[in-house]
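These features come from TrEMBL:
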REGION    1-137  region 'Disordered'
COMPBIAS  17-32  compositional bias 'Pro residues'
COMPBIAS  70-82  compositional bias 'Low complexity'
COMPBIAS  91-120  compositional bias 'Low complexity'
COMPBIAS  121-133  compositional bias 'Pro residues'
DOMAIN    141-340  domain 'Heparan-alpha-glucosaminide N-acetyltransferase catalytic'
TRANSMEM  175-196  transmembrane segment
TRANSMEM  208-229  transmembrane segment
TRANSMEM  235-255  transmembrane segment
TRANSMEM  262-284  transmembrane segment
TRANSMEM  304-329  transmembrane segment
TRANSMEM  341-362  transmembrane segment
TRANSMEM  419-439  transmembrane segment
TRANSMEM  451-473  transmembrane segment
TRANSMEM  485-504  transmembrane segment
Amino acid sequence: MTRPQPPGSHRRGADRPAPPRPPAPALVPVPGAPRRTGTGTHRAPEGRPDAAATRTASRPRRPSGPPGTAPATTVAVPAPRTAGPPPAPSAPARTLRTPSAPPDTTGTTTVLPAATRATPAPDPAPPAAPEPAPPRERASRLLGVDATRGVALLGIIAVHALVEATDDGTPTPSYLVFGGRSAALFAVLAGVSFAFMTGRARVRTPDLRATAAMLATRAGVLMVLALALSWTDPSIAALILPYYAIAFLLAIPLVALPTRVLAPLAVLLGLGIPVGSHLVRPFLPVPDLGNPSVLDLVTDPGALLSELTLTGAYPAVVWLAYMAVGIVVGRLRLSDRRTAAALLAGGVVAAAAATGLSMWLLGPGGGYAAIAAVGPPEILDSAPTIADAVTGYPDGVTPTSTWWWLATVAPHSGTPLDVVQTTGSALAVLGAVLLLASVTVRGAGPLLGHLLRPLAAAGSMTLTLYVGSILFMNSPLDDLGPWEGYLWQIAVAVGIGLAWRRAVGRGPLETVVSAPAHAVRDRLRGRARDRVA
């Protein structure tokens with residue numbers, strides 16, 4: 001094996017001389033010039049040529065070392081080739097290393113300009129904990145919320161189809177279970193839908209106009225549907241839809257609030273609005289508790305507005321508290337089982353505490369005696385006991401004859417304790433169904449899936465099924481007994497929900513409400529983009 005010769009020399013003693021090898025790139029020394037290295041700048045001693053302090057063109061070398069190293073190679077500029085004997089071998093180049101680069105064993109000079117000087121790379125961060133797949137989270141959240149809507153639909157149909165009180169005025173068990181709670185659950189879920197429609201976060205100023213227009217359009221279309229349903233003259237007193245439409249309008253500013261502000265505001269609304277309503281209702285017109293019509297809107301709009309907002313069966317200002325709670329809840333990570341468990345536990349505690357406090361205030365606290373003393377007089381004749389009378393008497397609001405009325409948790413009483421109790425029950429139901437949905441989506445509860453998915457199918461089109469139930473109960477077709485008619489309605493609602501969801505998707509009336517709202521929002525967003533462009 002031939003021993004390699006230094007650059008610029010050739011082998012001697014061969015029969016045939018080898019052709020001259022091209023000269024090695026010559027380094028152009030600049031005596032006394034500053035030399036840049038990976039650690040600083042220094043000047044070569046006077047009279048001593050520094051082969052490393054050269055004019056070079058630097059380009060980075062492709063990293064080949066372990067993470068955190070960034071080696072770079074500098075290519076020396078060759079001197080112009082001239083005719084004549086090859087130049088003498090140049091002095092061996094000194095190898096310079098940057099602090100983060102491994103030792104250079106190639107014999108090339110590494111000189112880094114200031115702009116490209118390598119710095120130590122930070123240690124790689126530890127891998128983040130794996131999060132659940134977004135599709136699974138979304139499936140769990142939607143299944144749980146839709147199934148909870150289905151539960152609310154079962155409750156609201158029960159209130160309409162079943163008997164509320166016996167002949168002597170005693171409230172029935174079905175009314176004690178579903179009365180007030182189902183409507184409150186609907187209102188909380190309406191707030192959750194608001195949160196979903198606004199990206200589960202506060203709406204910032206650039207998009208606030210488009211979002212407000214979308215929500216206002218939904219409220220307007222819902223009011224039109226409510227007035228059209230009232231035109232059929234249903235025997236069901238106090239349709240909930242017109243009250244919801246007003247509550248939707250009142251809730252629009254809430255979507256612009258951060259959660260840290262909205263959460264305490266929801267508490268203040270739930271506790272403060274019933275007190276304020278108790279103060280102002282004596283000065284407002286007495287409600288007729290009928291279903292509003294276009295004629296009422298034209299002939300006496302003030303009385304209609306008063307009834308829908310403060311004095312009616314579902315006063316919108318009171319239901320605004322439910323929607324505020326729903327918006328806060330909708331911004332949470334509902335697919336997390338810890339969140340669902342917290343909703344369940346917190347809801348049970350709130351409902352139990354409100355009920356217990358009400359029982360103490362009205363019983364040992366003297367509330368029943370005070371109410372019986374001041375009336376109204378028909379209270380004592382409405383039920384066998386004062387407790388049953390107080391439970392079954394309110395119809396949206398309580399009388400204002402005494403402040404003791406605010407101590408009741410009677411269905412549809414609209415008192416502070418009633419708001420706390422019904423909000424707690426709504427959160428408990430939502431948390432329980434979300435827990436079941438999380439188990440179902442993870443494949444651990446196939447039997448639960450057979451229960452939840454029909455409920456979710458019906459819950460995905462509650463507006464359509466609610467209107468259908470009202471029309472059915474006011475038609476000659478409803479010649480069934482209370483329980484028989486209720487069970488038939490539930491079976492039909494679940495069957496229609498499953499078939500429609502599989503064949504079409506969104507319910508027909510849900511599309512009627514959402515399509516124009518989304519069109520208005522998209523149009524305003526397009527105009528905003530055009531102005532920016």
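Placed from the backbone N, Cα and C atoms, the Cβ positions cover glycine too.
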The transmembrane segment (175-196) in contact with the transmembrane segment (419-439), cutoff 8 A, at least 3 CB pairs, sep 6+: yes
Do at least three C-beta pairs under 8 angstroms join the transmembrane segment (235-255) to the transmembrane segment (419-439), pairs 6 or more apart in sequence? no
Over the span of the domain 'Heparan-alpha-glucosaminide N-acetyltransferase catalytic' (141-340), how high is the average pLDDT in this prediction? 90
Criterion met for the transmembrane segment (262-284) and the transmembrane segment (485-504) (at least three Cβ pairs under 8 Å): no
Do any residues, 6 or more residues outside the transmembrane segment (208-229), come within under 8 Å Cβ-to-Cβ of it, and if so which ones? 194, 197-198, 239, 241-242, 244-246, 248-249, 251-252, 255-256, 291-294, 297, 463, 467, 470-471, 509, 512-514, 516-518, 520-522, 524-525, 528
Same-chain residues at least 6 beyond the ends of the transmembrane segment (451-473) with CB under 8 Å of its CB atoms are 142-154, 156-157, 160-161, 186, 225, 229, 232, 234-236, 239, 241, 433, 436-437, 440, 485, 489, 493-494, 496-498, 500-501, 506-510, 513
